[in-house]
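Worksheet: the structure to be examined is printed underneath.
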Amino acid sequence: MRIAILSQGPELYSTKRLVEAATLRGHEVKVINPLECYMNINMRQSSIHIGGEELPPFDAVIPRIGASITFYGSAVLRQFEMMGVYALNDSVGISRSRDKLRSMQLMSRRGIGLPITGFANKPSDIPDLIDMVGGAPLVIKLLEGTQGIGVVLAETRKAAESVIEAFMGLKANIMVQEYIKEANGADIRCFVLGDKVVAAMKRQAMPGEFRSNLHRGGTASLVKLTPEERSVAIRAAKTMGLNVAGVDLLRSNHGPLVMEVNSSPGLEGIEGATAKDVAGAIIEFVEKNALKTKKPTQA
């Protein structure tokens, strides 16, 4: 098959591993920077171009679209979809998962466990917002933040009020969540592929830090999931409409709680912690599902 990988970083671990895994299985792979693409949209034959040339036909596209380019990256991916190319994660699922508030609302409607979450627009609502999530300590999150950036633990009510007021003053969209103390600065990343969790790791925050993101200095280790955790992770990914997702769970006194569903989960941490060939599993999934939709293009 001919496979396109939408990525700004051909040198990144995840991109290189996907190229390696696809090549080993006999596929032709091209890494495409979505920001270099431009599109011809018409009723006869839509197309995608780079540098004055039209892209050749592809059988499948694997999106590795960073949060900062969600709008344009999703538009390019949507163009591939319009042209009949199988997308591992489609543009709707990616856009849905990137909206943290919408994600929470959708999962809440499906009865998926979540930290109590509050959202408000007016500073006058701050006291009620804090009470709504159980008071301090609490977590304040920028809706546009990634990799632990824009996440603040407010340990006192006064600190919470000050931080929320500051964010609101900057016209930043935030949400407020209860702090799950019993998680002890750890979360679980479940790597969902289709209807299975193919790998999972526990991420532990550095001493004195509550964010467990590996980009923030957290450490990763192998973890054994409970059947409930496995089920919750798969349901969360399906709620977003994603075939591939990194679902982040907290272990609480009242069961697993979903923190976030990531539509472009990194491979380095999960493969390093589990020694599993996650990239190979992704390519195998693409093979099975792309071939169901159309005849493969000859590489």
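For all residues, glycine too, the Cβ spot is worked out from N, Cα and C.
Here's what Swiss-Prot has on this protein:
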DOMAIN    104-287  domain 'ATP-grasp'
BINDING   Lys141, Glu178, Tyr179, Asp187, Arg211, Ser212, Asn213  ATP binding site
BINDING   Asp248, Glu260  Mg(2+) 1 binding site
BINDING   Asp248, Glu260  Mn(2+) 1 binding site
BINDING   Glu260, Asn262  Mn(2+) 2 binding site
BINDING   Glu260, Asn262  Mg(2+) 2 binding site
Distant-in-sequence Cβ neighbours of Glu178 (ATP binding site), under 8 Å, six or more positions away: Pro115, Ile116, Thr117, Val133, Gly134, Leu138, Val139
Cα-Cα, Asp248 (Mg(2+) 1 binding site) versus Tyr179 (ATP binding site), nearest Å, comes out at 15
Would you mind checking how many other C-beta atoms are within 10 angstroms of the C-beta on Tyr179 (ATP binding site)? 18
Per-residue pLDDT averaged over the domain 'ATP-grasp' (104-287), given as an integer: 92
Rounded to a whole angstrom, what is the C-alpha distance between Asp187 (ATP binding site) and Asn262 (Mn(2+) 2 binding site)? 14
Length of the line joining the Cα atoms of Tyr179 (ATP binding site) and Glu260 (Mg(2+) 1 binding site), in Å: 15
Between Lys141 (ATP binding site) and Glu260 (Mg(2+) 1 binding site), how far is it from one CA atom to the other, in Å? 12
Note: among binding-site residues Asp187, Asp248, Glu260, least Cβ-dense neighbourhood at 10 Å is Glu260
For Asn262 (Mn(2+) 2 binding site), the same-chain residues 6+ apart in sequence with C-beta under 8 angstroms from its C-beta are Ser97, Ala245, Gly246, Val247, Asp248
